[in-house]
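Below is one structure, written out as structure tokens; comments come after it.
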Amino acid sequence: MRKTPSHTEKKMVYSIRSLKNGTGSVLIGASLVLLAMATPTISSDESTPTTNEPNNRNTTTLAQPLTDTAAGSGKNESDISSPGNANASLEKTEEKPATEPTTPAASPADPAPQTGQDRSSEPTTSTSPVTTETKAEEPIEDNYFRIHVKKLPEENKDAQGLWTWDDVEKPSENWPNGALSFKDAKKDDYGYYLDVKLKGEQAKKISFLINNTAGKNLTGDKSVEKLVPKMNEAWLDQDYKVFSYEPQPAGTVRVNYYRTDGNYDKKSLWYWGDVKNPSSAQWPDGTDFTATGKYGRYIDIPLNEAAREFGFLLLDESKQGDDVKIRKENYKFTDLKNHSQIFLKDDDESIYTNPYYVHDIRMTGAQHVGTSSIESSFSTLVGAKKEDILKHSNITNHLGNKVTITDVAIDEAGKKVTYSGDFSDTKHPYTVSYNSDQFTTKTSWRLKDETYSYDGKLGADLKEEGKQVDLTLWSPSADKVSVVVYDKNDPDKVVGTVALEKGERGTWKQTLDSTNKLGITDFTGYYYQYQIERQGKTVLALDPYAKSLAAWNSDDAKIDDAHKVAKAAFVDPAKLGPQDLTYGKIHNFKTREDAVIYEAHVRDFTSDPAIAKDLTKPFGTFEAFIEKLDYLKDLGVTHIQLLPVLSYYFVNELKNHEHLSDYASSNSNYNWGYDPQNYFSLTGMYSSDPKNPEKRIAEFKNLINEIHKRGMGAILDVVYNHTAKVDIFEDLEPNYYHFMDADGTPRTSFGGGRLGTTHHMTKRLLVDSIKYLVDTYKVDGFRFDMMGDHDAASIEEAYKAARALNPNLIMLGEGWRTYAGDENMPTKAADQDWMKHTDTVAVFSDDIRNNLKSGYPNEGQPAFITGGKRDVNTIFKNLIAQPTNFEADSPGDVIQYIAAHDNLTLFDIIAQSIKKDPSKAENYAEIHRRLRLGNLMVLTAQGTPFIHSGQEYGRTKQFRNPAYRTPVAEDKVPNKSHLLRDKDGNPFDYPYFIHDSYDSSDAVNKFDWTKATDGKAYPENVKSRDYMKGLIALRQSTDAFRLKSLQDIKDRVHLITVPGQNGVEKEDVVIGYQITAPNGDIYAVFVNADEKAREFNLGTAFAHLRNAEVLADENQAGSVGIANPKGLEWTEKGLKLNALTATVLRVSQNGTSHESTAEEKPDSTPSKPEHQNEASHPAHQDPAPEARPDSTKPDAKVADAENKPSQATADSQAEQPAQEAQASSVKEAVRKESVENSSKENISATPDRQAELPNTGIKNENKLLFAGISLLALLGLGFLLKNKKEN
């Protein structure tokens, strides 16, 4: 194997010209070698761009797609050249949402002048190979739009493409390979460019991104609006910001001046401000407009560093006196930060930032928001005056009659104007104009809420033993609504159509029975859709309140309107499934801090072929899941969180029985479920018979019942933040169900619509469906996907409604700060910042995740458990449910986790971070030791712990397809994969690991039951599994790790490893802290994530811990004391832990252990709770050695025991009230030590105290090294001078 040299391993070659000079040369050379050795090594990690997929993912293919990726169809995975386009299934990103599209200016009317070409910027040299290179641009064909790119994100342009959507002729489809390839790009002096065909003259918005064949969104979503019809190109700068002109080199602004008369004689510019060379000649001798460019004449002005603004005057030097000023007023431009060109025209007073002379204050849309108000959005309203807005505005009704504007209100920050008047006609639109901008109003959701909000019953209610169905649909803008009924045995066969009658407040109603002449006596199992006619257009829509569906196949969606969305089924859920189903009585659970949540995917849990012979029900189903529940009961978790089980879009349910045994990471009939189609109906993917709409209901009820029988609860993962397709709700009622842009168009996310939960009927949908799921299925909680996309009020209302039904219910969600809402209508979001205002719903803590194992945006970089030093106080704060990136006023606000379904598994991220190939026995063991450290820290943290399925045994999503055992070409890389390398740059054996497996096969996604349960075949995995089981038992055996309030935590939890004391650095890989349980028992947690043994000095304050029993060591954990613990030893100063070892100690209130101690066994023989496979290892399996990482390195000794806690820590401890006698004595010891230190400053800030800390050796070694270098260099120089004199 070739070893990649680091920066300090460069080979130095010297020529010794003569024997006399040899000694001097060698000495100087040696000094240089030593100098290089003294230089810190800089390692270069492989770049891992953020994966942000585009908004559009399922439209029409472009003519020149990217070269196909390696991800196969599942039919011939070993053929790496076989085509395999990605399934258009949706992706959600836990770490961070897709970049919002650029918000462009409004469409103008005036084209830019075309007075010549200009290419004055410096040419860009690309390292990418050039297929077609032209220095001058080719003309742009009619109905095409040219996109210029300064530089491509990656070197291999053939593996990158332009993914397009919105107003293009053929939006891209088949992510990621359907993009327009840069292989076909041309090149000019600016960079590369591609031409995209538009869908016609009506095209206004072009959205795009640059991706690669590995499925990475390299630029984030971008968009450009055509400011005028003739606008046909845009530029991306080096940071991929979009401009309507060619960006200039940094430090320069170009002033373009266009005169319609073509006369530039003696026209000049006088300028000042943040410019390098302000005009200083004799007035009025300005800088002449002599250079000719694309937009008239121009002057390039060098700017000062960090320039913000400059002022200028346009001059006509042929005139005299004050007439020399073309305009008497000074011009001032204040946005040099964002623009490198400005555009002037004749004597126009405006400074334009586009070459089409479109005014900055432009109307961009209009909405009818109330019976007395119309709201218009504007590009900007900075400097706008009320009288000017009134003067230039006009509103007419649908008959063309002018409507009096009685008042205007300007919202400069929100960029909107509200017109007051009599706008009581809610059936017809109004026309609003401002200067040359004119818009027809869209009916705002606010007007619909005011006029049509409805609180009655919705959906289909099956009654009278199936003989009658009561239908109610809300669609106030519909002109006509009918129900289309399909045959129960053939969902494609129409039985008949019945018109609905218009009801109150926008509803449509009908009762189906024997009088409807459909020939149906029992409607149970029949299917239906709503046919809605609106303004001459007819659509078929899915009932949003449907209780079940026909079998769904998204591959058929393009057949016709009847197949683009599912068909609802008439069912009565109350009569299905176990009749004794009730709310769960969960063991070891009273409050949310007691929960131990286990996240699982229904299909993954039973798709392992190794258990096929053991299952009596079809794999991947609700029924099969029941057969493996005892494993989770044995593990000890309180709640099972199921990835989405409600109907999702991109899947073929009719093929759910087909096992995806070949390795593939795209084009799989598999889905996580984050592309919702309906919020009441279950998917058929996990049913034993997807064709039977009642089966899925009965089987899911039975699963919940069996979970409850085992003393566990069920949490549903729900996805209200976006839908699979925007039309699912737009067809029901346009411009209502989603959050809206300022012009009234729906906002999208991940290809679907962002559900606008601030709108009354959308909030009803969310709250009603949550209530239905609790009432019908008796579930015990909800996890909200991208909860930060929602307003806090809606989530709070849903929580209260659900808790009214099930008082033990818990809610949690992703609280990332992603709220978009309705444009310019901010409100309180249900994100992490909300936690200080509520104690109802919890959020995931990315702070503990990122600090313990790394995460966005630095996933894969060393963190606490992977060798990366972290701030000890930050780690401690996270462990006591006080993350540093948001305020939690209750420990239950915080979900403590280091792994979830998103991104790499914990095992894989550890391997990536420490750069060690798990195929090597010693590396495999080390990864597991680090994994156990992470699991211990999460399970002993305050708050609510969360476990990803398989995290307990070291689940991996390594891509073990033989065709990918070594790296492949960029255009063959598996979709959603990371290529992992060791510290020398060598790829791992099977180097590809799937980080987001939502479209991968069962081979990638399966829960590996052999690794989880077979201690002979996989001892290291089963040891980790048993370790997790023991940690859960330990957590549940005491309240110490489940404190209920911040005050309790402040009183009972104390940091032992204070930074700056006893050898603990500010940033370190060790931590120790103590907890006093409410019953007086004292617990201590010590973690050594260092690669060498570390000693923890207990001093006198924590000397009582010497009498503790050990509950966790390097091999096992539990609530029972370990007789002969491994990996730790008591020393004179305290406790020493081996490398990569943690321990939990307990000092019981009565001074004795709670139970008889357990004997530590040499090989920690694990339990076999479920499945025991005694067979030999499969040929491709991972090794499972018992080897340990090298722990023979010198111990890191601490300073003497006289080093005391810092004053701040001591004071905080001394002030805390005593709860029990032992706790009081501990605090008294701390107080006494703090008194001795009372006159001293914090150790970390005092030079004298720093001298007491142990030397690491680095400082002294460097001094000696540089002294040696200097001596060698001087000796060498002396030899050379001496030789020179002799010569």
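The backbone N, Cα and C atoms fix where each Cβ goes, and this holds for glycine too.
Look at Swiss-Prot and you will find 42-139 (among others) tagged as region 'Disordered'.
Residues or ranges marked as compositional bias 'Low complexity' by Swiss-Prot: 48-61 (among others).
Marked as compositional bias 'Polar residues' by Swiss-Prot: 79-90.
According to Swiss-Prot, the feature compositional bias 'Low complexity' maps to 99-113 (among others).
The annotation compositional bias 'Low complexity' is assigned in Swiss-Prot to 122-133 (among others).
Sequence annotations record features per position, and here Swiss-Prot assigns Ca(2+) 1 binding site to S668, Y670, D999 based on similarity to another entry. Under 8 Å, Cβ to Cβ, and six or more positions away along its own chain, Y670 (Ca(2+) 1 binding site) finds R603, V651, L660, Y998, D999, S1000, S1001, D1002, N1005.
Of all the Cβ atoms in the protein chains shown, 22 others lie within 10 Å of the Cβ of D785 (active site, nucleophile). As annotated by Swiss-Prot, active site, nucleophile applies to D785.
Reduced to three states, the DSSP call for E814 (active site, proton donor) is coil. What Swiss-Prot lists as active site, proton donor is E814.
Packing around D839 (Ca(2+) 2 binding site) is summarised by its Cβ count: 14 other Cβ atoms lie within 10 angstroms of its Cβ, all protein chains included. Mapped onto three states, the DSSP output places D839 (Ca(2+) 2 binding site) in coil. Sequence annotations record features per position, and here Swiss-Prot assigns Ca(2+) 2 binding site to M835, T838, D839, D889, D893.
Residues or ranges marked as site 'Transition state stabilizer' by Swiss-Prot on the basis of similarity to another entry: D902. For D902 (site 'Transition state stabilizer'), the count of additional Cβ atoms within 10 Å of its Cβ stands at 21 [all protein chains shown].
Among the features that Swiss-Prot reports, region 'Disordered' is placed at 1147-1255 (among others).
Residues annotated as compositional bias 'Low complexity' in Swiss-Prot: 1212-1225 (among others).
Of all the recorded positions in the record (D785, E814, M835, D893, D902), the one with the smallest CA separation from S668 (Ca(2+) 1 binding site) is D902. Taking Cβ-Cβ distances under 8 Å and a sequence gap of 6 or more within the same chain, the neighbours of M835 (Ca(2+) 2 binding site) are G815, A842, V843, F886, E887, A888, D889, S890, D893, V894. Taking the mean position of the Cβ atoms of M835, T838, D839, D889, D893 as the Ca(2+) 2 site, the remaining residues of that chain whose Cβ falls within 8 Å of it are W834, K836, H837, T840, A842, A888, S890, G892.
In the three-state DSSP scheme, D893 (Ca(2+) 2 binding site) is classed as helix. Neighbour density around each Cβ, counted as other Cβ atoms within 10 Å, peaks among the binding-site residues S668, T838 at S668. In this structure, D889 is the one among the recorded positions E814, D889 with the smallest number of other Cβ atoms inside 10 Å of its Cβ. Looking at D902 (site 'Transition state stabilizer') and E814 (active site, proton donor), their Cα atoms lie 12 Å from each other.
Looking only at Cα atoms, E814 (active site, proton donor) sits nearest to D785 among the recorded positions D785, T838, D839. A distance of 19 Å separates the Cα atom of D785 (active site, nucleophile) from that of D839 (Ca(2+) 2 binding site).
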